[in-house]
Amino acid sequence: TPIQQGISSTEAKNNDPTLFHQYIFEFDSSSNANTNSKKLVNQLEKSFPDLKFTTIRVIDHSLLKAATIQFEENDNISISDSSSPSLIDDKKSTIDQVIKLASKSGYVTKIYSNHSIQRPNIVTGEDVNSLLSTKQDSDNDENRHLISILPQMQVDRVHNELKNTGRDIIIGVIDSGVDYMHPALGGGFGPGYKVRYGRDLVGDDYDSERGTDPIPDPDPMDSCDPSSGTVGHGTHVSGIIAGKSDNYTGVAPDAILGMWRVFGCDGNADAIVIVEAMLDAYDTGVDIISMSLSDPMGWSESLTAIVAERIILKGVPVVAAASNDGELGAFTVGTPSVGKGVYSVASFDNNYNFFKVFKVNDKFYKFNVDNVAKEKIPNGQLVIGDKNIGSDTDACNPKNIPSNVNGKIALIRRGTCNFADKANNLAKVGAIGVIVYNNKKDETLSPINDGSSIPIIGITQEVGQEILAEIEMKSQESAVNVTFSDDTRVLPQLTGNTVSSFSSIGPAYELDVRPSIGGIGGNVLSTLPRQSGNWGMLSGTSMATPAVSGTVALYLRAWKDKNGHENKPTPTFILEHFQNYAYKAPNRNGENNVDSPNRQGAGLVQIYDAIQEQVHISPAAISFNDTEHLQKTQTLSITNYGNTFVSYTISNNVSVSIIPYNTSEGYQFTAPATYGNDSAQLEFSQKNITLAPGATNKIDVTVIPPNTNPAEHIMYGGYIQFKKNNESSTENLGKDLTVPYIGVVGNQRELPIFHHNTPQLTNTTNITHFPAYDSNEVFVFNRIQSVATKKKIDKVPIFMLTLDNPTRILSTPLYNEQHDMIGFASFKNDTTNFSRATSDTPAQFIWWGGDYIPVKGEAENKPMMTTDPLASITPNSILPSGTETFESQVKISVAPGNYRIGLNALKWFGNPDNPEDWETWTSGIIKVL
């Protein structure tokens, strides 16, 4: 998903990803999905005659036999807050009963919620059409060369030296369609064209969240009007992989594309549509599946991740975007990229970018314009905008603004007050524009302006100080004039070849190394649909993903050219080989360090080295886990597939650490992440190895975590480096190899789940203004009157959750007023696999309609720590076997009376059977009428 800029959310979300009560029932792999689907619907209709069950989609595939089934509920009564789900009639049933019955069927093995996955939103860069025109221009030729992402990944060397352009390798793209009539994408669809395979699974008007039905057709064309809010995500992705024209070259320009369209013009997709596209691409015989999409869940049990894993085990690499939530801190990598074996792709910035430029006297500088004031900043004389220039309060105090700014452009330093206040203070004295330089080294500045009356631009600290010196030097001699150009220039950017700020930070919630590999995704030039301008610059892990997919195509082409179709390398082998030879970036350019594997994975893919080098290490990434579950010693296997002896010295190249939490405020994740220098020691069973051709050696690696405070949960990491010794042969074996490793100091199980003062009982999902009922207040749930009168319900019990850390299970014991447990409250939301809170999703809401599942036997006079009877068969979990009848634990509605509801969260890595592994909370009295 490409980076979204200027988007912040104060509206919390319901933890209810399920679409219109649609659930995906997976059947036994040896059965027939169509037969089982009909059988299951018949059983459900007999058991619940008041409900209507509709089979939405059936997949009868060797890798997945499943059916998506929707059941309808009474929607005549709704909560007053329109963002909340509807309350169902007491005679109706919820998913708990349906799941319970399905679990006794003998042929249902898993159940997943069919939920919505966000349509990729993209941010366009500068207008680059002139750069890609057919007009021959030496400046444009140079700019095209500079802006290309190919050199950073060694793709240009593969094209030029190895004559490898990915010929006839088939890449299946799961995306928003493609404008295959674009000249760089072949000008047609079907046999003989570049875009040869695929179909449209959804149609232009499809939106899973609005409930519009998919209207599939065999043509994956993206013909969406730009006014719909889309500018051609799938077309841009396709061009990165295989675009080819006189003035543009993709990563694998002679590869063959398939496009499976899963997004409409202005809407999201549901999980089962994406899964069907994946399976269709697999059946078509693609060599690679590329998925520039992400669902913000760090658990690996989503259906898209599971199907991706199954496809990988069949020999087809699946490449997926890590996501674009890096500014939100650690543990923000999404699914399906967290799936086992999936190529989870981080984004690195392009070395060059298009910049607007201005000239001070005779020298050009680049700048970033503010994102509110659109008027062009005028040319004119440049003067100092504060008497104490360089302070933290430049232009914040009107008394310090010199009178000579009248009619001129003011230069000031970034500081404590906001940009609009600075600009408006200057405007009152007559300034006609503002140039703000940063107060931090080596960082570009994009002013955020909430109401400036004059235009603002931002520049780096270094440029600002240089211009300031020029003004001070010439103040007694002549004026310093500034001229703003209408043109853009391709110039180096400070963040080139480092991880993009938006790229999500790992690891996966299971502490697997994620992301796994990097591609260029920051400021990438590629194709756009003709109606959107043909060409454009976009940024995101969405762009890095096809870049990596293209390099996989080059690797497969090289393998086939050398070995034919025999002994095709596994997806795991290819990923490991990419990881062995990837480029490791510093945390920031100019710093003498290495960035964390939790940001860059193994690093930026270097495809020429991956093709040429013949020594291989497996596994190619190590997680030592946390110190409570420490996997202290692990074994690497290094194999020499070449024909000469090689010799290496093994060492520990530590990376920056990540300080994930602001412990002064509990355990909230720092956003953006904070970095440190805490490093682990590694002990090796051998420090020097020599390998004969064809030989394999094993090296044990033992970790000694850094001696840091376990309460801080420092995330350490680095790279095990195999440095080639001088006596080794240099022929085709000249590169060092590395293996990323990560770990956490501390026990993840000890981390709190609930943020302080949460959960809270309320009656709305508006996070900015809601009443909170404490343990001494009585919440009146007037359910009977509401059902009888069909009126709006003012007070439905809704629970607001802010989760400092993720939890797999939320158990929901129901008590009477005396705290005797009588069963488990049945919520209208999925209560499994919660993600941690972020500034984009600061809270989640779940709500109770008055139903519960009674427990057998005597009530217990203590809070229930274990999961409810249906917790082991809720979505995303394996169904247990059993002989008890469905009727023995059917969900029922509570009688009028006073109740309390507990919300017990399973701690990170917690054991559901251990009461100490649950974090508990109990509400005040809920009086049900």
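Cβ coordinates come from backbone N, Cα and C, glycine included.
Positions annotated as domain 'Peptidase S8/S53' by TrEMBL: 166-566.
According to TrEMBL, the feature active site, charge relay system maps to Asp175 (among others).
What TrEMBL lists as region 'Disordered' is 205-230.
Feature annotation from TrEMBL assigns active site, charge relay system to His233 (among others).
Feature annotation from TrEMBL assigns domain 'PA' to 380-467.
Residues annotated as active site, charge relay system in TrEMBL: Ser542 (among others). The Cβ of Ser542 (active site, charge relay system) has 32 neighbouring Cβ atoms from other residues within 10 Å, across all protein chains displayed.
According to TrEMBL, the domain 'C5a peptidase/Subtilisin-like protease SBT2-like Fn3-like' annotation covers 622-741. Confidence in the domain 'C5a peptidase/Subtilisin-like protease SBT2-like Fn3-like' (622-741), given as mean pLDDT, stands at 92.
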Between His233 (active site, charge relay system) and Asp175 (active site, charge relay system), the C-alpha gap once rounded to whole angstrom: 7
Helix, strand and coil residues within the domain 'PA' (380-467) as assigned by DSSP: 23 helix, 19 strand, 46 coil
Separation of alpha carbons, Asp175 (active site, charge relay system) and Ser542 (active site, charge relay system) (Å): 10
Cβ packing number for Asp175 (active site, charge relay system), 10 Å threshold: 30
DSSP residue counts for the domain 'C5a peptidase/Subtilisin-like protease SBT2-like Fn3-like' (622-741), split into helix, strand and coil: 6 helix, 69 strand, 45 coil
